[in-house]
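J.: Dumping the structure here so I can ask a few things about it.
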Amino acid sequence: MLKDEKFDVRKMTVVGILGGISAILGLTPLGFIPVGPTKATIMHIPVIIGAIMEGPVVGGLVGLIFGLFSVFQAIMNPTPVSFVFLNPLVSVVPRVLIGIVSYYVYSLFKRIGKKASIATLFSVWIFALSYLTFTFVKGIKGDVELFGSIFNFILIILTLLVGYFSHEKLQDNAAEIVVSAAMGTLTNTLGVLSTIYLIYGQEYAVKLGLDPDKVGKFILGIGITNGIPEIIVAIIIVTSVVASLKKRA
């Protein structure tokens, strides 16, 4: 009984520390790292680390703190589109899911082994790179604006960087950590943006002065330009931190 109590106290301490780190990252420039033309957020990274190291409950609770902090930020520092984050379906639920998804992806790929994990990563990477290259070439041959072609080219470079950093980290036998970091990041990006689109699509467009018919493409663009750099940063930080913590454990 005493052992279980100590175990619970330790986990709650981890939740408090990682939740606090996430909040600090949101309050300071430390939470945003310039990657090319965009800034990648790392506020979700403590959630992923907590999930991998301590399980889905800890990961989910750290995500809950992250989500509630998003609501607090929307109230205290409002912007024209802050209203979307007042809805917990947008600001809280996806952040809780980061911890849950990260843990179970980590557990799954740890069970299936390094070779299967690498094969899965490679297949997804090849598909993404092929699609972006096809779009880029099609744009050059067609009537796509110069900005669109440059945008696609930047995405190709970013995708190559994802492959490079994944390969570097896989040298340390961290396949399951790499996949977990990537999927946890995607859960955050896709979860938040998809709920914004489904619940507030038209209103979101009006607040930003956009054509309501193009809000889907606009949100997709945000997801791609922010999501890829965030995956790169998450892979680098999460694999390094988790590997270090596991060596000390």
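Just so you know, glycine gets a Cβ as well, placed from its N, Cα and C.
Quick caveat, the model's predicted, so the values are computed rather than measured.
When I checked TrEMBL for this same protein, it listed these features:
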type: TRANSMEM; residues: 12-35; note: transmembrane segment
type: TRANSMEM; residues: 47-72; note: transmembrane segment
type: TRANSMEM; residues: 84-106; note: transmembrane segment
type: TRANSMEM; residues: 118-140; note: transmembrane segment
type: TRANSMEM; residues: 146-165; note: transmembrane segment
type: TRANSMEM; residues: 177-200; note: transmembrane segment
type: TRANSMEM; residues: 220-245; note: transmembrane segment
J.: Can you tell me which recorded stretch out of 84-106, 118-140, 220-245 has the most Cβ pairs within less than 8 Å of the transmembrane segment (47-72)?
T.: 84-106
J.: Check the transmembrane segment (177-200) against the transmembrane segment (12-35) for contact, please; criterion is three or more CB pairs under 8 Å, pairs 6 or more apart in sequence.
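T.: Between the transmembrane segment (177-200) and the transmembrane segment (12-35), contact is absent.
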